[in-house]
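Participant: One structure follows; several queries about it will come next.
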Amino acid sequence: MANQVNGNAVQLKEEEEPMDTSSVTHTEHYKTLIEAGLPQKVAERLDEIFQTGLVAYVDLDERAIDALREFNEEGALSVLQQFKESDLSHVQNKSAFLCGVMKTYRQREKQGSKVQESTKGPDEAKIKALLERTGYTLDVTTGQRKYGGPPPDSVYSGVQPGIGTEVFVGKIPRDLYEDELVPLFEKAGPIWDLRLMMDPLSGQNRGYAFITFCGKEAAQEAVKLCDSYEIRPGKHLGVCISVANNRLFVGSIPKNKTKENILEEFSKVTEGLVDVILYHQPDDKKKNRGFCFLEYEDHKSAAQARRRLMSGKVKVWGNVVTVEWADPVEEPDPEVMAKVKVLFVRNLATTVTEEILEKSFSEFGKLERVKKLKDYAFVHFEDRGAAVKAMDEMNGKEIEGEEIEIVLAKPPDKKRKERQAARQASRSTAYEDYYYHPPPRMPPPIRGRGRGGGRGGYGYPPDYYGYEDYYDDYYGYDYHDYRGGYEDPYYGYDDGYAVRGRGGGRGGRGAPPPPRGRGAPPPRGRAGYSQRGAPLGPPRGSRGGRGGPAQQQRGRGSRGSRGNRGGNVGGKRKADGYNQPDSKRRQTNNQQNWGSQPIAQQPLQQGGDYSGNYGYNNDNQEFYQDTYGQQWK
């Protein structure tokens, strides 16, 4: 019976083929498809689609044809059938959409899953009615559905909204679409665009979306109005302000380069670069700290620049640079800032002391306290009016030969600390989360007479000399968010180059270096007691190994055995090759398994792709890895 059926199938096809050639004429592009290397049946099927008017030959570029040619005949016919059955009415880039269908097919094939034909999509009648009512456009790709962007001129004719106008919407039912989301959120204010992320494998949404409003007030109103809103029985939305990241952290920058040098050089290899944030060494204003932040006009430009710089094919000043997403700045609530009585003072000379600051600022009002950290300080006033007056009059003035900058201090980010605590609780290692907020710069290692020494030496334990906890506990302000929210956590970036010793093993990352030089006197005090400040490294009596637990000092003692070779040697920039260099913020000590830890704003495709990264050659879908509520994953 099977042979008979198969025979009939072949016979029917043989009967149909002459009918096709006689009754339906091939388009002028059929021969081109054959010459491009497509199998005859595949070329005929694609030519049939051209004749239906769903897509024109000019809509498909060379990359789409090349990708289709790589499929076997059965797979190519299946892809074209799915493409033909898809609703292309809102698809503006049909070539990209076809590539997305091919990518989805391969993923299903790899997973051994079949196309879910029963999956319910959006109600096209309701979608059409929504678009007719609002005048917005809808652009559909395999990875997202984009409503608006820009909106009609009758709604908003200004420039594209900036930071603080976007919200993240989580916990969306998977079969819910624009016809239900838009009427709810447009109550908060005019919408610039709505991006509903789609899962090509299931055909449904991914459970979250990004909505950009035409103003900050509308975005804040959307959070108040729609957070915890029951959009369906038992289904409550989660809504919060989202920050689209358009800033990159770049390491391995020559320290003699100026802001203008960096802007010019990176503008040659990336597009959309609008600013460079560069910080100088406190003791030498002519040198930078070995890193900078590149700010791009939008997240799309930043994502493209990041991929390009990480490829290893692009070199800056002859070297491959380290590139990561920078932690985005989250602006505090205006109502909270209106109560701040603390000033953040930066660009202080090394000779400036707390006493000098107290004398300079006390003339504006009574001070509660002054705390100087490195080349910046916090000045606490008892009265807000005095703080504002001091800021207005002292900003830009010179103290000890340096022009200072003053802004109101930002209160601590409680949500970030909660996230840090959650990550810390789930981690077995004793080290805190370096990858999100590395510790401040540490004092130089002890200069003594002990032999040995290490190289690398920039990964200090966070509890060592840590002003973060001290300052948060006693002062209540989070200094990580100052200088644009980026500089302070990376202050110690270039420390690794300074630690070099004679003899001894090569140290691994992640712990303070042992004392360097030749010999060191034993600490004062009674024999048998630990030296105070033991985390600084092993005292006399051991050699070589780094970062181990504190050892007790027993009088003068005898010299210990030679330490083992340390872990990865850090701090040296690779001169050539295509491997992305290790970032000094990303510790990779093998013993601690740090290399597997996430880094701030790392694209989400490695731990679960929330970005809808299925677009045309990955270029259309990767740009929305915004910061959003982690609790709604």
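Numbers run from 1 along the shown chain.
Cβ from N, Cα, C; glycine included.
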Participant: Which of these ranges is annotated motif 'Nuclear localization signal' in Swiss-Prot: 412-418, 580-586?
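Facilitator: Checked against Swiss-Prot: motif 'Nuclear localization signal' maps to 412-418.
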Participant: Among the residues LYS84, LYS94, LYS128, LYS359, which does Swiss-Prot list with the feature SUMO2 cross-link?
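Facilitator: Looking at Swiss-Prot, the SUMO2 cross-link feature maps to LYS359.
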Participant: Which of the listed residues, LYS13, LYS268, LYS574, has Swiss-Prot annotated as SUMO2 cross-link?
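Facilitator: In Swiss-Prot, LYS13 carries the SUMO2 cross-link label; others show none in the record.
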Participant: Among the residues LYS31, LYS366, LYS371, which does Swiss-Prot list with the feature N6-acetyllysine?
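Facilitator: Swiss-Prot records N6-acetyllysine at LYS366.
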Participant: If I go by Swiss-Prot, the feature region 'Disordered' sits on one of 1-24, 241-264, 289-312. Which?
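Facilitator: Of the candidate stretches, Swiss-Prot labels 1-24 as region 'Disordered'.
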Participant: Can you dig through Swiss-Prot and tell me which residue of LYS103, LYS171, LYS216, LYS315 is labelled SUMO2 cross-link?
Facilitator: LYS171
Participant: What is the total of other Cβ atoms whose distance to the Cβ of LYS171 (SUMO2 cross-link) is within 10 Å?
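Facilitator: Taking all protein chains shown, LYS171 (SUMO2 cross-link) has 16 Cβ neighbours within 10 Å.
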Participant: Using DSSP, tally how many residues of the domain 'RRM 2' (246-328) sit in helix, strand and coil.
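Facilitator: For the domain 'RRM 2' (246-328), the helix, strand and coil counts are 23 helix, 33 strand, 27 coil.
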Participant: Give the distance between the Cα atoms of LYS359 (SUMO2 cross-link) and LYS171 (SUMO2 cross-link), rounded to the nearest whole Å.
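Facilitator: If we compare the Cα positions of LYS359 (SUMO2 cross-link) and LYS171 (SUMO2 cross-link), the gap is 54 Å.
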